[in-house]
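Participant: This is the feature table in TrEMBL:
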ACT_SITE  A:D11  active site
ACT_SITE  A:D130  active site
Amino acid sequence: MLTKRIIPCLDINKGRVVKGIKFINLIDAGDPVELASFYEKEEADELVFLDITASWEKRNIIIELVKKTAEKVFIPFTVGGGIKNLEDIFHMLRAGADKVSINTMAVLNPRLIQEASLKFGSSTIVVAIDAVRRFSEWEVMINGGRTRTNLKVTDWAKKVEKLGAGEILLTSMDKDGTKEGYDIQLTRTVSENVNIPIIASGGAGEPKDLFEVLVAGKADAALAASIFHKKEYSISKVKAYLKQRGVKVNLRREKSDDREK
Amino acid sequence: MIVIVDYGMGNLKSVQNAFVKVGYKAIITEDLNQIKKASAVVLPGVGAFRDAINTLKKKKIDKELIEAVKINKPFLGICLGMQLLLTFSEEGGLYQGLNLIPGKAKRFHHSVKCPQMGWNTIKYVNHPSHDLNPIFKEVPDESYFYFVHSYYCVINDEQIISSVTDYGLVYSSSIWKNNLFGVQFHPEKSSTLGLKILKNFGELS
């Protein structure tokens, strides 16, 4: 049976990992390649790099980073942030990324999803959706959550599936950074409305949150940043917790990891 | 030298990186002479069946691949590269493949999410008449590998199926016939055990 995926997310600025990383075993914890290798050993199922580099002239740094990562890391990884056109996607995939995630540009130019999935294959195209709750519905936000779109999340999710997206990375902006748990209702609603995999994101604070979003939320994968980066929980430990509760996970190391104690 | 066939599809660099990691030199090329001279051939693949087979035919790579299999050169088809070995695929219509392995590629049923994306196990199929697939040497039964696909292979000759995987239905996730190998999963993206498979394949080259 297919297992549920646990995916750490690394925010990258000018080629460096940002957001309080607290690894002591790493030679250089700000080095994305080093951290990515570490997460592969920790049994991450995939990785997501989110490039938040604002300055345009520094953007080619991410390409170099993707190349280096692909040489050292042998699990799939997705790169997102600032992808504008087919050429950007081509360069990312050519450098060694397995998937590219598109957010704002997908809304501004939905044809990009269609063209990209035809050209590079659906499985390489992830559409990232940032959702904010409006009464009983959710609205799609773009430009890092600053701009409203008046698009309903479920409508948009169905549309991106139709256009050929292979997967949806669904972030609850209401929950992001709160550590109160994922938005279960949002995740479940979207997951039930499409037939492509959903990666839930935003709100992970403890292993129970991942369990809930994977089971009650019907997510196919759970993305988290700070609970892994800050070494509050190792990925293997979270997987062991999930396995104990009957969730199918790929856990090579059967015994829970005690190195953190 | 291992040749990774470049036909404009997918993440070829990762396959090359993985071979380098396990100590084998591999080149990415569409050059027919290089394919002819190769000690082993890898046909990777992400993308649409129709585009893939059209490109292979247009560049006349198809004949070279058929020839490589005919002279029993070690040959590995990965993901779409495995499906291309079949008689035909139902992806986006009905398209002929390389017809090296009688069978067809069919889409997963609507009751499961499509594509299948993530880690799933492969269960070895034991044949009393022959040994374990040599590329699975030292790889435990029911190990996890990374899969990304919407279509699966239906193989006519059960004797060549070396593993099956369960996703809504039980289907053939790898095949082996003489020196021809096909894997539906991505060994280059399946961490340590995936690398082991590529190393085993490299040893045949």
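Note: Cβ is positioned from N, Cα and C throughout, glycine not excepted.
Since the structure is predicted, the reported quantities are computational estimates derived from the model, not experimental observations.
Would you situate these features in the structure and describe their surroundings?
Facilitator: In the three-state DSSP reading, A:D11 (active site) counts as strand.
Classification of A:D130 (active site) by DSSP places it within a strand.
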Participant: What's the CA-CA gap between A:D11 (active site) and A:D130 (active site) in angstrom, rounded?
Facilitator: 16
Participant: Check the active-site residues A:D11, A:D130 for other C-beta atoms within 10 angstroms of each C-beta and report the one with the most.
Facilitator: A:D130
